[in-house]
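Trainee: After the structure tokens below, expect a handful of questions from me.
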Amino acid sequence: MPERRPFVRLPTDVYPVNYGLCLKPDLIDFTFEGKLEALVEVTQATNQIVMNCADIDIITASFAPQGGEEINATGFNYQNEDEKVTLSFPSALQKGSGTLKIDFVGELNDKMKGFYRSKYTTPAGDIRYAAVTQFEATDARRAFPCWDEPAIKATFDITLIVPKDRVALSNMNVIDRKPYPDDENLVEVKFATTPIMSTYLVAFVIGEYDYVESQSSDGVTVRVYTPVGKAEQGKFALEVATKTLPFYKDYFSVPYPLPKIDLIAIADFAAGAMENWGLVTYRETALLIDPKNSCSSSRQWVALVVGHELAHQWFGNLVTMEWWTHLWLNEGFASWIEYLCVDHCFPEYDIWTQFVSADYTRALDLDALDSSHPIEVNVGHPSEVDEIFDAISYSKGASVIRMLHNYIGDEDFRKGMNAYLLKFQHKNASTEDLWDCLEQASGKPIAAVMGSWTKQMGFPIIVVDQEQQGDDRILKLSQKKFCASGPHNGEDCPSWMVPISICTSEDPKCTMLKVLLDRPETTITLSGVGPDQWIKINPGTVGFYRIQYSSSMLESLLPGIRDLSLQPVDRLGLQNDLFSLSRAGMISTVEVLRLMEAFVNEPNYTVWSDLSCNLGVLSSLLSHTDFHEEIQEFIRDLFTPIGLELGWDSKPGEGHLDALLRGLVLGKLGKAGHKPTLEEARRRFKDHVEGKQVLPADLRSPVYLTVLKHGDSATLDTMLKLHKQADMQEEKNRIERVLGAISAPDLIQKVLNFALSEEVRPQDTVSVIGGVAGSSKQGRKAAWKFVKDNWEELYNRYQGGFLISRLIKLTVDGFAIDKMAAEVKSFFESHPAPAAERTVQQCCENILLNAAWLKRDADDIHQYLLQPRTSQHHSCLGLPPHYRPERETRAYLQQASFL
């Protein structure tokens, strides 16, 4: 790749105080005209002004000092690489206030960033376009020339000139709406002045929408805007939002600072949602819920996303990170507190257990790679900024905040948060500022502890051994960096300040002891713990580390899985740790399969979900062998008892989690080819298609998946017809995600072509291709070839942005042969995707790890799967797990030195 010039932030000699911005979009020609009148402050005399600007043509620009003559700019020098423009003036602009006027034109692009067009179909079937915005991180500059950096805050007065039959929205409430003098079909809509805010949070939407409205108990007007005719589908989100605003106000002890908040569903939308201050934009599937046709997981998803975006109204919008290096503060915090909020609104979701499976383990997996990165990354160029919107900023960020909250305690945590918000409101802050406030509130060494988690990448594995001395249990704990390829044995081993909690079988819910492990190893004496008690480290699975128990300690914990005396979150954590130790070559995968069989009495949805996920990884790995069928049999054996217990139809008194578990188990059995499940799925599918008996929303995914996996071209045609007829985006997405399950090569190709067709919204193409890659060995090859063959179009469509990273990850992460890593690497050397550079490295590393894992354990796994399974409650777990040296993994990775 050509080296970029070093990145430079904007000069500080001129800064904005207020942007007066008038925009007039043309929804037919996809262009817009703009007028900017910015009140600026010149801090030292200069004859040029440097601003951010991209894909915009400036027509005229002038500067008028307060009370002085207007000076016209004589030159506009665009630095397109840097997305900057320099306005040159014939004489120096003197120190003091002035008005900068710029007239410009731009295009309503189709890239889902900046000021862009979003395609929708009217109830009558006409295709139309809305004009909408997505500015984070660096795309406000595509809508108007501006100082597009989070620390350069100003107020905004926005006016939109739009067709009079369209809805026009912005961050603030409308204060005036009058006919536009030059065209009777247009109106001029003027919005109230915003608070001092960053450019990336500015938003406007022009389109056709219905809405539902409510007041929160603290007097804020809340509206949810939906596609025309679908206002009903906004009610669930409206309920969540009106409950959430007062919850946050109370939690932070700071009121929501604007008079209103709008939540709006946008048809073409790259992210899940965006927290623009007072006007939060969402994908339709992250906001709209139809009581009859939405499944339980969609409701939960909407609740979490609404909780996340509303948290940003304080944390991010009121107080903003000083630079993108501190992005994790916004995202990690919002990704943690969204769970607190959903737990408050829907205690029956058991959402904190789900956090461990959805965020915590995901972050551990990514952060064990050599190509991970610290939570805090120095970034400059926009493509580097795009790259950090990843599982480290969000999920690891949320996990270390959860650990911190647990370490400080809720009361002091809230006290510190309140101090932070009050001290920095309408300003910018860095990670250190938050630590200072929390340190003052709690009296604990927050900065010292947290520095080790945010400034260096990775996390430790805590190695635990024990001995009994009379009535005392002596624990030996040591830490070293955990790597996906085995433990770190280098000289310069990093270490962490690790808050460690310990519980015993006396009271598995209650922490007996807390210590801060601030050195490589330590010994702890637990008095009054008899030989018959087990010891569990990290109860609640809160600390961000993995654990390697001695054989005897692990042995004593296993009954706690079978008799459920261990907490669900700890049963999940134990299994997840062992699974990841097996991938790293520290134990045999056979030990994990043995452990999994102990989960036969498991009632908890999230525990099953995590187990199922790991079995999916294993099944995908073994698709490269000739005994893929044996692992399917293992999956059928493991899931059959719970499947029989749940049955197909919901029973009275069942709740949210039962519905999720039923969908998970039936889908798993169906995909693995469990005969009775397959037959029942086909029967119900037929009734559904013929309109005899519509499938309940919660059964649709598992049924669709099952019939497609074992279906033919007629099945695929039926699915595509259902897709075309679906009125809800949720249903279209549900079908898109499972289409890849089809197995015939010609049909796989048909699905891939469908992914790029007009039928699939641009942001959803990625999940169709990903579904193909993730469902079979043939699919993986075909999807990768398809991505290479259509690279120009795909790259052009997603350019920067994280969708390109997601596409690459979904397509190639599952390969398990060394030479594929080399092929992937060389493809992206000749087809660079700057915003996905790190993703490509991570994928190559994962491919090599998969290959090493397969080489190491395939034979043992095969032998184990061939053994007859005795009765469900067999005792083969009596064998002590053999921790094996990491064998040749690390050496093997180093030998593949082309990376």
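Using N, Cα and C of the backbone, Cβ positions are placed for all residues, glycine too.
Just lifted these from TrEMBL, have a look:
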DOMAIN    16-201  domain 'Aminopeptidase N-like N-terminal'
DOMAIN    236-453  domain 'Peptidase M1 membrane alanine aminopeptidase'
BINDING   His308, His312, Glu331  Zn(2+) binding site
ACT_SITE  Glu309  active site, proton acceptor
SITE      Tyr394  site 'Transition state stabilizer'
DOMAIN    534-847  domain 'ERAP1-like C-terminal'
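Locate each feature and note its surroundings.
Mentor: Over all protein chains present, the Cβ of His308 (Zn(2+) binding site) has 26 other Cβ atoms lying within 10 Å.
Glu309 (active site, proton acceptor) counts 27 other C-beta atoms within 10 Å of its own C-beta, drawing on all protein chains shown.
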Trainee: Using a 10 Å radius around its CB, how many other CB atoms surround His312 (Zn(2+) binding site)?
Mentor: 24
Trainee: Could you tell me the C-alpha distance between His312 (Zn(2+) binding site) and Tyr394 (site 'Transition state stabilizer') in angstrom, no decimals?
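Mentor: If we compare the Cα positions of His312 (Zn(2+) binding site) and Tyr394 (site 'Transition state stabilizer'), the gap is 13 Å.
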Trainee: What same-chain residues, at least 6 away in sequence, bring their CB to under 8 Å of the CB of Tyr394 (site 'Transition state stabilizer')?
Mentor: Trp328, Glu331, Gly332, Ser335, Asp359
Trainee: Same chain, not part of His308, His312, Glu331: whose C-beta falls within 8 angstroms of the C-beta centre of the Zn(2+) site? Give them in sequence order.
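Mentor: These residues sit around the Zn(2+) site: Glu275, Glu309, Ala311, Phe315, Gly316, Asn330, Phe333, Ala334, Ser335, Glu338.
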